[in-house]
Amino acid sequence: MAIISSNIGDNDFSLRKKELRLVDSKIIPEEKRKNNLNLARPITFQEFIGQEKLKSSLRIAIDASIYRKEPLEHTLLYGQPGLGKTTLAFLIAKEMNTKCRIATAPAIERPRDIVGLLLGLKEGEVLFIDEIHRLNRLTEELLYSAMEDFRLDLTMGANRGARCRTINLPRFTLVGATTKLASISAPLRDRFGISQKIEFYTCDELKQIIDNFSRLISFNVDDEASSHLAKISRGTPRIALRLLRRVRDYAQVVKKTNVISVNLIKKALNSYQIDEKGLDYVDRQYLSFLNQNKNIPTGLDSIAAGLGDDSSMLEFVVEPYLIQIGFLTRTPRGRLLTALGKKYIDSKNDNF
């Protein structure tokens with residue numbers, strides 16, 4: 001039960017707009033993708049490429065909810081950045097024929113912020129909270145009764161002037177997204193009826209995404225080129241599309257063409273210090289640092305200090321792909337370069 005400032009009276013739960021400016025609920029309309037490349041998201045599950053098992057599970061849960069005329073159970077989506085957690089939240093709302101209101105956990109600073117969001121919901125709507133692992137404790141505790149019983153239990157005021165109030169909420173679906181599942185407290189995690197991991201994408205799936213996007217931007221990417229781009233995209237659609245945009249920039253400005261080949265991709269990405277493995281300068285610095293330690297396990301904090309980078313960034317941005325391609329292994333004593341990783345970094349004369 002959260003304590004709310006006594007400055008908010010019994011009839012003053014429609015919090016002022018300026019007090020919620022950081023977390024103002026935004027209703028996401030059906031996307032009109034005419035010429036806006038930033039709205040090139042899939043708008044149906046059929047258009048969403050990859051994650052077939054996850055889509056099948058969600059489809060069953062959504063159809064069952066529609067059949068029972070109930071909101072979908074609260075859903076937790078977790079996985080690496082750029083895999084489609086936000087897009088899936090929008091698709092869930094669309095399939096449930098409702099609206100999706102969005103917020104990011106760092107912007108929900110005070111209990112009154114989450115109160116304002118919850119009171120603004122209508123029956124059956126989806127509330128999407130990104131980076132949900134970053135909710136503070138008081139805000140998180142307010143969500144417990146909201147998720148389980150669709151009510152808010154508030155203590156207003158303090159000491160002898162304190163009073164309790166329960167406010168009923170419309171039935172809604174909370175969709176949480178996180179890159180750090182272990183950072184979510186057990187009480188909050190257990191209140192999600194559906195919990196799904198979003199996996200890395202296969203090269204074939206990424207190739208489809210690249211081909212679709214290249215048609216949207218009217219660029220001719222040949223089959224070999226899209227396959228090459230897919231292989232260096234770290235299994236992540238966001239990276240694939242970002243690289244394609246950079247290659248497009250190079251093709252238009254330097255080569256004056258709208259035809260993309262493998263050779264053009266290599267030249268373009270070389271100018272951005274990205275090599276044929278999809279590794280950038282930071283990745284190669286990381287591998288070089290481990291290589292200098294002569295097969296001695298090295299702690300993450302030591303690596304971060306040596307590179308002048310944040311340990312969290314290295315752990316969640318750099319390391320997953322290096323592990324995925326077999327260049328890095330984690331041991332209880334620290335990080336180790338694999339034989340494959342050593343062979344790669346030894347072959348590099350890093351003059352990017």
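Glycine residues also receive a Cβ, built from the backbone N, Cα and C atoms like all the rest.
Among the features that Swiss-Prot reports, region 'Large ATPase domain (RuvB-L)' is placed at 13-201. Averaged across the region 'Large ATPase domain (RuvB-L)' (13-201), pLDDT for the predicted model comes to 85.
In the three-state DSSP reading, Lys85 (ATP binding site) counts as helix. Sequence-distant contacts of Lys85 (ATP binding site), defined by Cβ-Cβ distance under 8 angstroms and a gap of at least six in the same chain, are Leu77, Tyr78, Gly79, Asp130, Ala177, Ile198. Here Swiss-Prot flags Arg41, Gly82, Lys85, Thr86, Thr87, Glu148, Asp149, Phe150, Arg191, Tyr201, Arg238 as ATP binding site.
Feature annotation from Swiss-Prot assigns Mg(2+) binding site to Thr86. Non-local neighbourhood of Thr86 (Mg(2+) binding site): Phe128, Asp130, Ala177, each in the same chain, at least six residues away, with C-beta under 8 Å from its C-beta.
For 202-273, the entry in Swiss-Prot reads region 'Small ATPAse domain (RuvB-S)', with the evidence type sequence analysis.
Residues annotated as region 'Head domain (RuvB-H)' in Swiss-Prot: 276-352.
Annotated DNA binding site per Swiss-Prot: Arg330, Arg335, in sequence order. Its Cβ placed at the centre, Arg335 (DNA binding site) has 23 other Cβ atoms within 10 Å.
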Within 10 Å of its Cβ, which one of these binding-site residues (Arg41, Arg191, Arg238, Arg330) has the largest number of other Cβ atoms? Arg191
Rounded Cα separation (Å) that holds between Arg335 (DNA binding site) and Arg41 (ATP binding site): 37
Can you see whether DSSP assigns Arg191 (ATP binding site) to helix, strand or coil? coil
Any idea which of the binding-site residues Thr87, Asp149 has the thinnest Cβ neighbourhood at 10 Å? Asp149
Between the C-alpha atoms of Asp149 (ATP binding site) and Arg330 (DNA binding site), the distance in angstrom, to the nearest integer, is 42
The region 'Head domain (RuvB-H)' (276-352) resolves under DSSP into 42 helix, 9 strand, 26 coil
